[in-house]
Amino acid sequence: KRLHITLTKLDTVKYTDIDYVVFTDASRFVSEGLSPYERATYRYTPILSYLLLPNIYLFNSFGKLLFCVVDILTAYLIYKLLIKIYSEKRALLWTCITVLLNPITINVSTRGNADQLVVLLVLLCVNALFNDQIWTSTFWLALSVHFKIYPIIYAPAIYLYLTDYARRKDASLLSLFPNVKLWKFAIMGLGVLAPLTAVFYALYGYEFLFETYLYHLTRSDPRHNFSVYFYQLYLQTGAQTRIVALLAFIPQFAVVFVAAWNIMLPRGSATLSVKERMSRLMNCMMIQTFLFVAFNKVCTVQYFVWYISLLGFVFERIYPHVETRKFIITTIVSSAAWFVGQALWFYPAYGLEFLGEQTFYQIWQAGILFFLINISIAVVILRSIH
């Protein structure tokens, strides 16, 4: 029966992401001289609605084409960074697996989702940082935070990367205090975020501030959600929901800080080479993102793009140091578990969304299983990169 209903309703499942419809509607309001926040559920920077104005003036799929170009630019940056940190030997292979030929990143971008754009900004930040261009690096990171708040999680890892602690054999804990580069980073970051916020606040008022930033602090999503908090947030109402949403940040940011401390600092009296520090930063950013998404109070497929694009750096760090057969088996088993976890979630989610079945509890159970799978994979990665 379920298969029959699925086949007869295929034409009702739209390929275009609902977010893309929201982006386009917001751009339409901007083209009419109105606020992009006239569009309900537009909770992004106004810059995105400006970028997609060609959707209105040229053709509706312009944004999808733009996001596909962003995919290509992201892949190019990943390829160049892999060569810079490691070698050219497997750089193209990892780039193809994680971005260029990855069905998840292709699907997310061609459906009209803008999340890969934030990944590109983060990679531009890292690329500039590795070229010792502190001002430029901070500009890109601040811009990425303006687009989507989550890149702020990289601040602890970048902070530790820029300290003197890992560079000198005689370094003490005092070398963890801010140096000139860190002060530059902080000043430039404030110098980018503050004017952007001030300008858009002047244009759109408190609505901009709430929809772009404050809303995400207490956001909850009763559907399309892999989060372990899903069912509790669904059952709670009003102030209770906001309290749970805020408390969810505690374990989330705890694992982000622990990951940075565990990966970025050398063990014992070892001094890390420049390339080793670069390698650690990229691996740290990947595991931070992976854990951040797993612990997030809202967790959807588009968030997976944030860390999938960084997986190549983990692969290249691990591959030369383990037996090829073991690497392949571990990767296949981990990937299979990850996809099976999603499949078990999608089954009751489909029943809820398309068949009207009350499967909230089953969705939550599947979300817990998927969370445990993610944590298991994170443990495997952490052990391997050390």
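Here, residue 1 is simply the first one shown, and the rest follow in order.
Glycine is treated like the rest: Cβ placed from N, Cα and C.
According to TrEMBL, the features are:
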| type | residues | note |
| --- | --- | --- |
| TRANSMEM | 56-79 | transmembrane segment |
| TRANSMEM | 91-108 | transmembrane segment |
| TRANSMEM | 114-130 | transmembrane segment |
| TRANSMEM | 139-162 | transmembrane segment |
| TRANSMEM | 182-204 | transmembrane segment |
| TRANSMEM | 243-265 | transmembrane segment |
| TRANSMEM | 285-315 | transmembrane segment |
| TRANSMEM | 327-347 | transmembrane segment |
| TRANSMEM | 359-382 | transmembrane segment |
One stretch in 56-79, 182-204, 243-265, 285-315 has more Cβ pairs under 8 Å to the transmembrane segment (139-162) than the rest, namely 182-204
Excluding the flanking five residues on each side, which residues at least 6 beyond the ends of the transmembrane segment (243-265) place their CB within less than 8 Å of a CB in that stretch? 153, 156-157, 159-161, 165-166, 217-220, 229, 232-233, 236, 277, 280-281, 283-284, 287-288, 291-292, 295-297, 382, 385-386
